[in-house]
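Here's the structure we're looking at; comments come further down.
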């Protein structure tokens with residue numbers, strides 16, 4: 001029954017529509033907020049270190065590339081879609097009304113405007129994200145430099161390959177991808193809109209394509225072929241980077257077959273492109289189709305079959321002769337790329353052919369008196385136990401080596417900064433307030449002379465002897481001896497360092513600054529401190545506090561009373577990370593080390609400029625080339641721009657202040673074109689080499705990673721003759737570490753910093769050294785060293801041993817020492833109660849004609865949490881003889897080298913150790929007694945005092961198997977001899 005009322009129309013579901021848009025909007029905002037917060041806090045950080053120009057330049061470049069690539073991709077996509085839609089047939093007269101094509105077309109026409117907007121936007125955004133990653137390539141192109149060196153095939157300057165070719169490749173690859181996308185849009189679009197009809201032979205339906213579709217597809221294909229022509233042209237230059245079994249670079253086949261083939265294919269591509277463009281007039285796809293088939297056949301025949309046949313029938317039977325010229329190119333280019341040219345490397349051929357007498361070896365005081373006994377890879381726990389002071393202080397797993405001058409003599413030191421270790425905080429120390437506002441910094445630097453221990457460790461179970469002599473270990477070093485060393489620490493507090501930045505939870509920050517002069521930071525047991533440095537970002541305002549609260553997901557940054565108007569936050573405190581942030585174009589060395597410069601503890605970081613390739617230059621993996629047993633022990637890693645490199649220079653020395661975190665970059669290689677290019681990108685960020693102070697220069701080391709890469713290259717590229725290079729019979733190899741633990745037996749032996757005789761002058765020199773063994777042989781083949789002294793920094797010397805003599809290599813020397821009856825017996829006796837550690841096996845050229853192997857042996861009591869390593873014995877191998885004793889002097893005597901004839905053993909004064917073990921008896925000055933190590937460290941006299949020490953040591957050794965009373969008397973006699981020695985030496 002009619003009621004007279006009509007049902008009201010349903011109201012539009014606006015809330016549901018709004019919800020549909022609101023959810024994606026919230027998701028986008030949720031994704032953007034963390035990014036915006038990170039960008040804002042990074043912007044603040046770069047302002048703190050005065051490198052905001054770097055941040056702005058990188059962001060501006062990336063945004064510009066994002067917009068540029070996005071617009072280009074969006075325009076190409078839009079045009080492809082618009083031309084496709086515009087060229088659709090008016091009527092689908094040959095299609096069944098129920099055909100899916102008809103339905104597709106209806107759907108496309110209904111949403112064509114949305115389609116022509118959404119698809120270009122999506123592809124444009126994707127292209128923008130990909131394109132902005134190439135910011136370094138683009139910036140280097142616009143700031144490109146000449147190398148002054150040209151390749152031997154095309155005569156192009158290396159700058160073309162380093163800066164221009166990558167940019168051209170970027171352009172060509174971009175247009176190639178976009179044209180493929182445009183072709184696919186046209187192909188699929190014309191099919192969906194009816195411009196292309198698929199045939200069906202069973203139904204008697206022929207396929208068809210409209211003239212408009214033919215023209216659009218043909219023009220797109222023709223444009224792609226033009227881009228392909230450019231790619232063929234650039235491929236010619238890329239041939240010079242091809243990798244082969246024997247060498248890298250263009251081979252005989254590449255130059256004489258592949259290179260001409262690229263030119264032929266380029267011409268064919270041009271002809272085929274013309275055939276594609278002819279469709280505009282002919283409206284016939286048969287000609288381009290036939291041309292494409294011919295091009296594919298030609299590509300297979302000319303680009304593949306011809307080179308294969310030349311390689312098989314011409315090159316393979318005569319490879320040594322055919323490849324000789326190209327191997328020579330590879331040798332020359334690789335030496336340039338890795339800085340191992342003849343002007344940088346001095347080869348001493350047939351070194352040691354005449355040998356050296358024991359007397360000459362003993363008189364090699366520059367080496368013998370500086371034999372390193374402290375292994376920085378082993379004694380970190382010793383530093384920790386003796387110099388930690390509090391549980392929250394710590395040292396790196398791998399300590400560092402540096403050098404200082406003592407009484408006019410150069411000595412090497414094991415050095416470490418006493419940093420705050422956030423992972424060592426316990427219980428209430430981990431409370432947010434304590435961790436981030438109280439325990440904020442470390443305190444002091446520790447240095448121990450590397451060739452000394454406090455006294456002789458005669459017994460494995462004794463608590464005396466075998467420990468470092470800490471020349472510098474207090475919180476604020478101002479004593480006379482430290483001043484003589486040049487170690488005067490005016491500001492010992494350490495807010496920045498690798499250990500302090502090693503928090504496992506990633507919360508690497510400290511909140512400093514206080515109101516009303518109320519200090520809360522722990523400094524010493526009796527004092528607190530308030531940070532006064534310029535480092536850190538101010539978080540006194542609400543915006544910054546909120547930003548960092550979101551960054552670290554920590555509400556306490558907003559709610560805590562410890563955060564006030566004067567508060568600053570210190571973060572990103574790893575020195576290598578800070579250098580990498582301000583110089584993202586630098587690869588940083590895997591190690592950093594502390595030095596006292598101008599009264600402050602500074603972290604020195606080596607920076608490398610790299611290229612992925614240069615013509616004919618061998619490429620290598622940085623991570624593989626630098627991997628050795630020390631790399632696996634330490635807690636550091638490289639900050640890599642790229643792992644695979646074909647060019648490297650140690651072009652920058654970076655210094656990070658441990659107190660305020662400031663970063664200074666110094667130009668070190670003034671001839672590096674890559675550095676010059678980056679200085680053009682970021683002007684004013686790198687200081688001139690002339691601004692490096694003398695004090696800083698005296699602490700710069702030749703970097704380990706650079707040395708290891710050069711070591712890997714020199715193992716092969718010391719060979720001059722191309723035929724010898726081809727046969728490999730003159731190659732060397734880096735020995736595996738014979739002192740490594742069981743799981744690292746095949747890992748390369750590290751390079752070691754030592755003070756030893758300069759290869760030319762014979763004077764003490766701070767060097768980085770490594771041995772080479774023959775290829776697949778254990779005999780020593782060569783010895784490589786490089787100086788870190790300012791006068792001849794970077795001078796590489798390779799001592800090449802004669803091939804007609806056999807000199808034990810590191811593994812053979814190790815096996816010889818370990819097979820000694822006394823050593824084997826002692827190890828068997830001790831291993832049940834002690835952990836034994838073989839220290840660094842040093843391969844030392846001595847007497848300008850012989851090799852001396854020295855290895856310290858450390859012991860540590862088992863199952864004792866408080867135990868730590870001590871030097872127990874010294875092993876020596878010389879001319880096949882083995883020395884094994886508690887002191888280096890005794891060990892040398894056992895192999896026929898009289899330590900009394902080493903001049904520095906009689907003249908150098910040992911340093912007074914600071915109080916380092918409260919359980920040790922003290923002398924009148926309140927310091928623990930020190931046993932010199934000429935004996936144990938290389939100090940002493942040539943007179944009666946040293947003779948009495950040796951006599952006492954012999955008696956002590958004899959009394960070892962006697963009664964306790966005899967042993968005690970011998971020990972007393974040794975103490976008297978040592979005291980007499982100290983008086984004579986003036987200690």
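From the backbone N, Cα and C atoms, a Cβ is placed for every residue, glycine too.
Swiss-Prot tags one of the stretches 212-234, 235-257 as transmembrane segment, and that stretch is 212-234. Contact between the transmembrane segment (176-196) and the transmembrane segment (63-83) is present: at least three CB pairs lie under 8 Å, with pairs separated by 6 or more positions in sequence. Taking every listed stretch (19-39, 63-83, 115-135, 212-234, 290-310) in turn, the largest tally of C-beta pairs under 8 A with the transmembrane segment (261-281) is reached by 212-234. Panel annotation: around the transmembrane segment (212-234), residues 80, 83-84, 87, 165, 168-169, 172, 175-176, 179-180, 182-183, 186-187, 190, 195-196, 262-263, 265-266, 269-270, 272-274, 276-277, 279-280, 283-285, 288 of the same chain, lying at least six beyond its termini, place a Cβ under 8 Å from a Cβ of the stretch.
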